[in-house]
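Okay, so here's the structure we're looking at.
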Amino acid sequence: QLTPSSFLRIGQLSNVDLNEDVRELETELPRQHPNEIPHNEKLLSLKYESLDYDNSENQLFLEEERRINHAAFRTVEIKRWVICAMIGILTGLVACFIDIVVENLAGLKYRVVKGNIDKFTEKGGLSFSLLLWATLNASVVMVGSVIVAFIEPVAAGSGIPQIKCYLNGVKIPHVVRLKTLVIKVCGVILSVVGGLAVGKEGPMIHSGAVIAAGISQGRSTSLKRDFKIFEYFRRDTEKRDFVSAGAAAGVSAAFGAPVGGVLFSLEEGASFWNQFLTWRIFFASMISTFTLNSVLSVYHGNAWDLSSPGLINFGRFDNEKMGYTIQEIPIFIFMGVVGGILGALFNALNYWLTMFRIRYIHRPCLQVVEAMLVAAVTAMVAFVMIYCSRDCQPIQGSSVAYPLQLFCADGEYNSMATAFFNTPEKSVVNLFHDPPGSYNPMTLGMFTLMYFFLACWTYGLTVSAGVFIPSLLIGAAWGRLFGISLSYLTKGSIWADPGKYALMGAAAQLGGIVRMTLSLTVIMMEATGNVTYGFPIMLVLMTAKIVGDYFVEGLYDMHIQLQSVPFLHWEAPVTSHSLTAREVMSAPVTCLRRIERVGTVVDILSDTSSNHNGFPVVESNPDATQVAGLRGLILRSQLIVLLKHKVFVERANLSLVQRRLKLKDFRDAYPRFPPIQSIHVSQDERECMIDLSEFMNPSPYTVPQEASLPRVFKLFRALGLRHLVVVDNRNEVVGMVTRKDLARYRLGKEGLEELSLAQT
């Protein structure tokens, strides 16, 4: 099926952003201000680099590891546990901060608007209340959107796709910076207070990951502070393991679901897994839930009762009223089908919307305007719906936070307002637990319809916000509607409790949008504190995933694909056995000799057309008998450190001046290695020689050129490689396989398809 176009991409491969500040590139593009950026989802971007998950076992590394004795290894292990505990504590505290600030600001906003509405209902002139509400929303969202669009665009969205990519081994610029964390937290607070259809749960995962990446390095490159601790962990291998612990701690702080957090890390994130890692991650998640719980309990004034394990609390479901019988199983499966179809519709709409945004709304000021527009429209829709609703419920015995009376009789409140006039988390809990008869079916139907489109429009705006809560809310609304109509049909029999169906609907809708199965089942079980529903929730989620996958892929995978990230899935495409390494690899390869002229190295590194990142090292002086066989592999970052410290053969004789480079010098330069342009090499130094033998990795992974694509893929994916050298039978280098070469092949509608590569 495949055209031999694999030779056309030579020279455009592995474009590296070594200096993470890609600002120069970004400022050049918008100057022409194109009205439309052509974007095609069948592209792979070359601006993303792989992480070096595989340690470079050069002589320095081996010497250091041999120096460390057994006791020192034990202290390293203890340090890992300490870091995990710190990750848990800090993630829990950040979650507390978000929760408390949101509660107070949103409460203030709703009190102001409620007072205003009550005042104007009597005298007439409710349009002022509408204006007040819309202006409050738009101004708060404007601040939240400005900081994201102008200061740190990576903080937009929920951050789950980005963390998924990071754990898959793709280095996304700025994704685990301190600045990103600050913007993320402020942005989430502002977008939830601004009344958008968003949740604060998704971004907790990103926040946890940033915290983990920061703590495990023992220093902050943004603040230029080095605490001289945890230096052993300054490499991608260790950092990535800690980031998966941080993501798990974020989930468990958001939902109060430590086991769910571990499973989330396992299902969505980490590509490499071992027993000890699982245990450490579980420890971090537990600590994070416990911290959140204790701080919030103290804040709410009941210090000893630990009653709020997560940011969202679905409340307890009683087993007595809420059991389920065997004849309800088909009903649950049907709800799963509905959830899958609605989720697929949501994703398809969001896909077109995101394509439109990438093409036309790419300037920060336009993005801010769009966010403000959405905020104002959300307030207007909510207001009009509450205004037109005639659904009145008695206030006695109901637990509504801000009951709006509007045109209801005294002692009654408007039940549309409980759904709209509240933060989404509270609305979900109300839909789960309000007694039967609290909602009119008409109210629920209208609410589901409007909120579906609002949430779909909101996801992908330039604000930090999650999609978890809105999808739970949509699902809970139509699930409750479903339950009410069932009890109409069965003449109000006992088992049709609307709250139970609201829970199943919420699970179905969320499963249909994000397509997580295992972790979502456990998260829902832990958040409701009820094991009885494990089986029906699992059924609903499986059905939703199967039905949804038939139409379109999950929301996060879709956004990863729209950003053209070279993401490697668990398996190679099914029909790819016909391809061999020779067809997949990129060739020719820039090789270095074992003892190389400094000038040659500088020229190769400065060459902008081939921005390669790993160079095979071959034997220096091949004569007629000896072939230039592969001797090792050296990375661009290592070469840059060597040039910076001027480790040249000629200077080795002046042994007084020159100390030997240690592994610490490489670690101190990590993760932001200086660009080659900043290193000055004089004309005389260009004539020196540089000996790579103690710095190169002498045993890189290689494959023969006849190996099939699935075999190459397995090796690459399971070991987390960044470069895989392809050799012929005389051990000469013929090509190199990098992440882009493998991610290019994807199963499309017509079978195997090959993506083209783009520089942007």
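Every residue, even glycine, has its Cβ placed from backbone N, Cα and C.
Since we're looking at a predicted model, the values are computed, not measured.
Feature annotation from TrEMBL assigns transmembrane segment to 81-102 (among others).
If you look up TrEMBL, you'll see 130-151 (among others) marked as transmembrane segment.
Counting residues 6+ beyond its ends, the transmembrane segment (181-198) has Cβ neighbours under 8 Å at 94, 97-98, 101-102, 105-106, 109, 133, 136-138, 140-141, 143-145, 147-148, 151-152, 155-156, 159, 206-207, 210-211, 214, 374-375, 378-379, 382, 423-424, 451, 454-455, 458-459, 461, 463-467, 469-470, 473 in the same chain. Sequence annotations record features per position, and here TrEMBL assigns transmembrane segment to 181-198 (among others).
Per TrEMBL, transmembrane segment is recorded for 242-264 (among others).
Annotated transmembrane segment per TrEMBL: 276-299 (among others), in sequence order.
Annotation comment: TrEMBL describes 331-353 (among others) as transmembrane segment. Nonlocal intrachain contacts for the transmembrane segment (331-353), taken as residues 6+ away from its ends with a CB within less than 8 angstroms of a stretch CB, comprise 324, 452, 455-457, 459-460, 471, 474-475, 478-479, 482, 486, 501, 504-505, 507-513, 515, 536, 539-548, 550-555, 558, 562.
Within its own chain, the transmembrane segment (368-388) has Cβ neighbours under 8 Å at 126, 129-130, 133-138, 140-142, 144-146, 149, 194-197, 357, 361, 404, 406, 414, 416-417, 420-421, 446-447, 450, 454, 457-458, 461-463, counting only residues six or more beyond its boundaries. Annotation comment: TrEMBL describes 368-388 (among others) as transmembrane segment.
Look at TrEMBL and you will find 442-461 (among others) tagged as transmembrane segment. Nonlocal intrachain contacts for the transmembrane segment (442-461), taken as residues 6+ away from its ends with a CB within less than 8 angstroms of a stretch CB, comprise 145, 156-157, 196-198, 342, 346, 349-350, 353-354, 357, 367, 370-371, 374, 377-378, 381, 385, 389, 391, 415-416, 419-420, 467, 470-471, 473-474, 477-478, 480-481, 484, 555, 559.
Marked as transmembrane segment by TrEMBL: 467-489 (among others). Sequence-distant contacts of the transmembrane segment (467-489) (same chain, at least 6 residues past either end, Cβ-Cβ under 8 Å): 158, 197-202, 254, 312, 331, 335, 338-339, 342-343, 346, 419, 424-425, 427-428, 431-432, 436, 439, 441, 444-445, 447-448, 451-452, 454-455, 458-459, 496-510, 513-514, 555.
Summarising the annotation, TrEMBL assigns transmembrane segment to 501-525 (among others). Same-chain residues lying 6 or more positions outside the transmembrane segment (501-525) and placing a CB less than 8 Å from one of its CB atoms are 251, 255, 257, 259-261, 263-264, 266-268, 314, 317, 332, 335-336, 338-344, 346-347, 428, 431-432, 467-468, 471-480, 482-483, 486, 531, 533-534, 536-538, 540-545, 547-549, 553-557.
Under the heading transmembrane segment, TrEMBL lists 531-552 (among others).
Over the domain 'CBS' (696-754), the average per-residue pLDDT in this prediction is 88. Here TrEMBL flags 696-754 as domain 'CBS'.
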Residue numbers, six or more beyond the limits of the transmembrane segment (81-102), whose CB comes under 8 Å of its CB atoms: 181, 185, 188-189, 192-193, 200, 204, 207-208, 211-212, 215-216, 230, 233, 242, 245-246, 249-250, 253-254, 280-281, 283-292, 295-296, 299, 311, 423
Contact set, same chain, for the transmembrane segment (130-151): CB under 8 Å, 6 or more residues outside the stretch: 109, 112-113, 116, 179, 183, 186-187, 189-191, 193-196, 364-365, 367-368, 371-376, 378-380, 382-383, 461-464
Long-range environment of the transmembrane segment (276-299) - Cβ separation under 8 angstroms, sequence gap at least 6: 80-81, 84-85, 87-89, 91-93, 95-96, 99-100, 208, 212, 241, 244-246, 248-253, 256-259, 261-262, 265-266, 270, 305-311
